[in-house]
Amino acid sequence: MQKLQKRGERDTWDPFQLNPVGAEKESKRRCFQIAQYLVAVIVGLAVLASAVVAKGALLVLSTLSSPTSMRSPKEKQFYMLMLVFCLVCPNVLVFIKSLWRCAFKSFVQPNMKTMSFICTIECLVSLGTSILVLVVMPQFDVLTNLFISGGVCIVSAILQIVFRLQREMWKIVFPICSLILTLAGYCLLGLDYYVRISTYVDNQSTDCYIYIGIGIFASLLVSLCWWENPLQATNRIKLLFGIRGVYLIYHVLIEKSIVWSDFNLQNADWELLQVGLVLFFLQAFCSAACHWFGVVACKIHAVRMGFAVPVCCTGPAVLLLGMILFITQVQKLEGAEHGNITGNNISFAEFCESLAYLGSKNTTPVALLELTRSICRTSLNSYYLQWPFSMLALEGVCMWSGFVTCTYYVWKIKVQRIERTSQLFVRRLYESAFIDLSLLLNTKMKVPRAKNQDSCVIYLCATMWHETYEEMLKILTSMFRLDRYRGDPKEEHKDCFDFECHIYVDDAFMTEEETGKRLVNSYVNDLIDVVIEVYRVFTNKEPDEVSIIETPYGGRLIFVLPEGNMLYIHLKDKSLIRNKKRWSQIMYMYYLLGWKGYIAKNPQKITHQNNLCRASLVSCDGEIFLLPQYDNDNKRRFISDENTYILALDGDTDFHPKAVILLVDRLRMYDNVGAACGRIHPTGMGPMVWYQKFEYAVGHWLQKTAEHVFGSVLCSPGCFSLFRGSALMDDNVLKRYTTTSTRAAEYVQYDQGEDRWLCTLLLQEGWRVEYNAASDAYTNSPQEFKEFYNQRRRWGPSTLANTLDLLHNGGETVKRNSSISRLYIFYQMFTVGSSILGPASVTLMIAGAFQFVFGLSGTNSIIVASVPPVFYIIVCFIAKTNNQITIAGIMSVLYAFLMTASFFSIIGDMVIQGTFLTPTGLFLVSMTIMYFITALLHPEEFGLIIYGLMYFICIPSGYLLLTIYSLVNMNNVSWGTRESNKGEGVVKKNHNTVCDRTCKLCCWDMKIQVTQETENLMLQQITGQIAQQAPPPQNTNQEMTQNDENETVSLSASSDIDNNFMIDDLVEPEELPVSGKKHYNCAFVLNTAFCNSLCRKQYEWNTIMALLMCVYVDWVTPVKEEFLKKLTYANMKRNLQEQIRYTLRNKNHDDVCEDLVLMLTDTLNGQLSGLGPEDVLSESQLDELEDALSARRILKTNQMMRLEKRVTTAIKKTVIAPQVQKLDNHKFWNKVIEDYLKPIKETEAHKEVVIRELKSLRNKAVFLYFIINVLWVVATFFLQAIGSDVISIQIPKYFPNGTLSDEYLKVEPLSLMFLLSFAILLIIQFLAMLYHRVYTLIHVVSYRGTEKDYKQRDEDDDDGLTLENRNGLVITSDDL
């Protein structure tokens, strides 16, 4: 089979290709759509159920505390107290959250005027709530209490009338109807009680009129709670007055009347406490749950199904549920034989009288009895007439319709994908007494513009370092997928983002051994082949527009992606600029955030070229192309640095657009988030990859989620992380990131783990780093044992150094960073301590394995287990690196056998003991269960649990041997991976050289060379024509070498050059900068005679400079020739067909498109009939072909101009050749290289000092680790030696059936302490994972409702579309 590296070089007879995985269009998976609807239904049911329970519990408590209740005075007081607690509970929760925000977060402190106004409103609302719930509702029956709460919307309706008068007049109907219905409900309430008093229902007195008036007044006060909503005020008051005035009512009405000594937990009081506390917890918990599920429903775009419908149906559902319980359960009341509700002979009034017999019976269900008794207080209990009961029902309908029409806007609300609670609701506080009305009235009438509607620009920056062809294929495929997702940059996208792709290739050049030319190496050639191959896969044609630019750091290739977005490939020459990842990051941060940000804010500074560029190329570089209206730099003038993002990538990262958008959501949602990372999945095959799959899974499932929940993520991996531009531009971040390492500690912290150090700088400046578990990215992981150890040799010391740096400055970080608290610092200290004690813990675990497997005593097993680590430490100090890794591999295999035997020995020990409730057995079982549950909560990754056994048997290798290796080799600061020198291979000399002369040109020694291929190509272009001269730029910084250095210039010029050719405003020789050796090529055809003439004649300086303006470096020619293959006859034919099909991809253009393709193909075949399939077209032939194609085709349509322009653009893209451009921002690059990126040249003396310091640092670290771990092992050893009978903790032994054994399990204190500490740490991480999973689910479900659906365009722009040519052939839509 042909090697993959040759896939980019496709012959005409070989059109077959291998599509990379993931190149197909993303489609909505039906299972996700079903899951989305299922989640919405579940959330809606949860809202309805919790609201019904909360409202029902409040009504029951109000009924039990009623003066007409048959409960004793002490019971009524207790139920009233529970009612007060229900009102206070949500206020206490908000008050605690407010205190936490004041203590650990930032908030805007209101002024005294605002504070006073809010205090007044809150006190009035509290007074109204207390009067309505604690005073009025106990005087009424349960049905009246259910209906009367609908009147709390009256003030909101009045304010809406005023508000809507200023906006849309027709919508004023809703609040007017609400006001009328509410007032009608109050009138019906008064009329109903008038009938009750007139007919002597339940001995109703005239005092009820007073309570009705008080209730209406209290409802008006309560409705002030949502005064902000109609006025569209923002929620700027962070510290809410949570407890409010309820305590005043509680103090006056409750506290002085309660005899606390009457309450105890004995006898009959136990039933009272049980009923009261159950009702209180049900009401408090369900109201909080209803509020939370309501917020979730809005965030997942289920506003109607999961929020509006359940909340509006709460009242009717409570009424329906109550009636069902009343009808089905009332006959079961003890003593109900005195009355029968269903009997024909006994009326409802007689049944109500029979309930008096049940007042003293404790066996009667209290709640059911009191609710039945409360219903008997309505008009149903009238001996004379029961028709007034219909007024009560009509009152309920009016009140319910009143608040539904008042909150009509909820049904029309449009929620974006990322909405914070403060953007959806006016206030965070909810009213537990009116949970359904509170949710509807608290929902904002006009949701402010979501932050995901703010335009942003994303710079995808991938750093490459010796990637393989397959790895490059992944990153390029991912970028093309994002281009397809974003679409045309001239069009708006629902996610409101634009992007550019930048690839920075380190070590991109090599020197040809025989000629000394500086050419691109094989890695760059592979990258070019990958770009061409992926372009073919996505479009079935060659790249449309390619630009080649020489830069001070090497070179740049520019591609236009299929949809019009830009791809930049920056080729770094390590002789001109620093290589390695950190310096590439500094390079693109200064370029994209510094230079381009400056240009965006100062567009007058852009220096454009004099020559016009092709109009079809939509540029993101203002200094190159002239389309400011479509330019991302022009767009960035209106985009702040807060909305400028950099997506850091590795050269082998594979991701989908969804992952990028979810990360963008995190930064858009919270302004203090400086970076966000996704879930990294290692890819590959083999045991090392299996180990890493589970290691990465555990690290993301538990550790990263715990960091995200309790504080901030400490490391956002550089392979897939999104950074905010303003965060990187903050003080002490990017500027400090440019620090060149000079000391040993800096080499370890700065260069060995650059991504962790960058996150440390962000955290220390107050920025938060988040983790999004739904943003999946895939990257290649080390598959060989040596590569894995070398990678972790870098990561381990760097992680420890950065964490210790953060902990050392913990106090200052806590002050600056609102996401990091002292408790989180303590958590990290505990985590670091556990990792430091890792070798000792593993050694003791190995000792336990020896004890289990070989039956050794405790002391002997510790001695035997300590021998291998000590041996390996000695090996690492005296052996070479490769030998160290080899020995580690052998020991890892032996340890794996031992761990396998230990695993089965632990199981056998549990069988022998007859119980798994031993510390070791319980820990193993609980760990297994916890990891299994964690995997279940990650269904797409559940299969990774299989690799858990591999992870278990490799624990000694990963936590003991690897720790020793990384510490002892801390002085080795080399990269350790991808150190291949494939790119520096020797290039054979080209023997097809026509002219190869060395001559003296003014002040340079120049080597002039013309190859046979160049001569043949250029002779076709200049036959019968005068050589073209390239116009000079306004300024040039071409770097040339003087006198003593040899210049190789491959010139292509006419033999007849005018010696008097003059150009003004050119620099003098002394103004040219002197740099390293460079090699130039020229676009003139040169023969031997001109070589001799050039060597003999002394040209004037301006003439020489005019000649050299067209000169470019050697690597440009072979790269350009690679892209010239697009202009062969065979490729031109295929490209033209696909360009037309892609341009007219509207599904209504299908028939016209194919006819146009046939017509243009026929024209192309006629024009190029004399060429072979592999012949490259000359410039004149391209011009003739373009004229012929444009002349043959005429489109007639009612929107002809637009289609005409699109087809013309497609033809131009087909015939355009790769362009060699020049760079205008030389000054910027020269300055930034000079200041920050100049190649580091260390003296031998400095190298010796650094090596000595690194060894000293290594020795200190090893000594510290060694002492701490030895102390732990020695302490355990002496406890074993003293004996478990002297110093031990006795734990009762239980059998699996729960019976207690006579024996005791004796455990050492240190082992038990460490085991408990580790278990507590895992439990904390597990709880954090549960919390994080819930909010990840919310985010994913909300995204699934807004993701892009790839559909063929359907535009009504082709009516009357016809085709014709100049011969008179006309094709109409009717003919088609």
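Each residue, glycine too, has its Cβ placed from N, Cα and C.
All annotation found in TrEMBL is predicted automatically rather than curated by experts.
For the transmembrane segment (37-58), the list of distant contacts is 83, 86, 133, 146, 279-280, 282-283, 286-287, 289-290, 293-294, 296-297, 300, 302, 305-307, 309-311, 313-315, 317-318, 321-322, 432-433, 435-436, 1337, 1341: same-chain residues at least six beyond its ends, Cβ to Cβ under 8 Å. Taken from TrEMBL, the feature transmembrane segment applies to 37-58 (among others).
The transmembrane segment annotation in TrEMBL covers 78-96 (among others).
Marked as transmembrane segment by TrEMBL: 117-140 (among others).
What TrEMBL records for 146-165 (among others) is transmembrane segment.
Residues 144, 147-148, 150-151, 153-154, 156-158, 160-161, 164-165, 204-206, 208-209, 212, 216, 378-379, 382, 388, 391-392, 394-396, 398-399, 401-403, 405-406, 408 of the same chain lie 6+ residues outside the transmembrane segment (172-197) yet bring a C-beta within less than 8 angstroms of a C-beta in it. For 172-197 (among others), the entry in TrEMBL reads transmembrane segment.
If you look up TrEMBL, you'll see 239-260 (among others) marked as transmembrane segment.
Annotated transmembrane segment per TrEMBL: 307-327 (among others), in sequence order. Within its own chain, the transmembrane segment (307-327) has Cβ neighbours under 8 Å at 44-45, 47-48, 51-52, 55-56, 59, 142-143, 146-147, 150, 294, 297-298, 341, 368, 371-372, 375, 396, 400, 404, 410-411, 435-436, 439-440, counting only residues six or more beyond its boundaries.
If you look up TrEMBL, you'll see 825-854 (among others) marked as transmembrane segment.
Taken from TrEMBL, the feature transmembrane segment covers 885-904 (among others).
Sequence annotations record features per position, and here TrEMBL assigns transmembrane segment to 916-937 (among others).
Marked as transmembrane segment by TrEMBL: 944-968 (among others).
Per TrEMBL, region 'Disordered' is recorded for 1028-1049.
Residues or ranges marked as transmembrane segment by TrEMBL: 1310-1331 (among others).
Of the candidate ranges 78-96, 825-854, 1310-1331, 825-854 contributes the most Cβ pairs within a distance under 8 Å of the transmembrane segment (944-968). Within the same chain, residues 701-703, 705-706, 708-710, 827, 830-831, 834, 837, 841, 844, 919, 923, 926-927, 930, 934, 937, 1272, 1275-1276, 1279, 1289 sit at least 6 positions outside the transmembrane segment (1310-1331) and bring their C-beta atoms closer than 8 Å to a C-beta of that stretch.
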